[in-house]
């Protein structure tokens, strides 16, 4: 009898990965394909949703070929995805009517600011658990309907569909038969009432978004549909698990109990705490969101979202050409001795939690003639940890906990220097996942549970493995001094945003 596996599609901000896992939760094979981002104007970030679908199709084929696994050996498919990113497409042709507007994009900031000015921020917070920001899908939908000719009328006639990336991929995989999302992705749209678990008609009316274009919201672990036989060599495979990337990582880290916290270092960095079955609205600009919904039960989460983390290392590599690869940043940081006076504030698309400041832009402070490439790279790495501490401290205040342990995953978590500095500056024990692909693993677990590949959460716990542990070892006065410098750097960057500079003006 042939071995059986679970396939996970991990659709990220810069690349797509498809990973095959065995019953022990171990990665058997993976395939990855990058796709471009588009920047039509400063602060705007877009994708071509068709390019995303092509990347997914390519990695599915490649991983099966590379692993020499037949499609009929795949028991189920799980999907995890960059959240908030918004696609609107023609229901008949299946073609997007505009580029996908990415979660990082600030092109809808004026819409969000107008909602706040109109006094809608409190209502949106109470109903959705979110702050009113361009980060979420709601204003992105409104922008597309406003800027594509005839889109509003077509949406009202039921000719257009909206989806976050999970919805788009399920639609494509099922040949246009299934238009669904899950609780976690719905909770990131700024249109979903996290208390009654329905699309919020008050907010839909406020933004004049037709309900007809919205997907059905389902649990995180159930069979949503099956793949079309022409996609996987004749096999019809159940698609049975879906979760936004950060919730999938929380699930993959086995953070099933209230108070458990994980931090994922991806393109951005995202600290998420399991709140249990009772939502708790933040008093300090964190997000209340849905962690997962299983078997009729909903677990909520508190989240701090940092817009720039791993993308800062991409900037060092591609924009500044200070490193040739992300791993090189670790060795360079080790070469920088006692030069902690340099601070990089990587607010390339504004500041996320707990500031929620869309106008501040990136800045560097503390440069001297003696500053080296290694110092600059180290300061950029430190900015990831400083931002994470901002969120950790805020989360402690909101949830009234001590948080002795932080579970970490994601690409930048491979950096030992960064993980030690994170432990030091936050004064918490860091436990790194044995396999940093916990996002995909979480999606695989959700899919496997739905089809009986794994029986329950206890079975998942029995196969869970952890990796390296990093204990804090920095003296308290040094920790306080470094963090005070970071806070001053953030304030200085925020002050600079008020300086009237025309970025489009020419000096010629």
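Keep in mind that glycine also has a Cβ here, set from the backbone N, Cα and C atoms.
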Check Swiss-Prot: it lists 13, 14, 15, 310, 314, 411 as binding ATP. Then name which of 59, 264, 267, 360 it lists for that same site.
267
Candidate sharing the glycerol site with 83, 84, 245, 246 (per Swiss-Prot), from 38, 135, 224, 292:
135
Cβ packing number for residue 135 (sn-glycerol 3-phosphate binding site), 10 Å threshold:
31
Using DSSP and three states only, what is residue 15 (ATP binding site)?
strand
Between the Cα atoms of residue 13 (sn-glycerol 3-phosphate binding site) and residue 267 (ATP binding site), what distance do you get, rounded to the nearest Å?
7
In whole Å, how far is residue 267 (ATP binding site) from residue 83 (sn-glycerol 3-phosphate binding site) when you measure between their Cα atoms?
12
Cα-Cα separation of residue 17 (ADP binding site) and residue 84 (sn-glycerol 3-phosphate binding site), in Å?
19
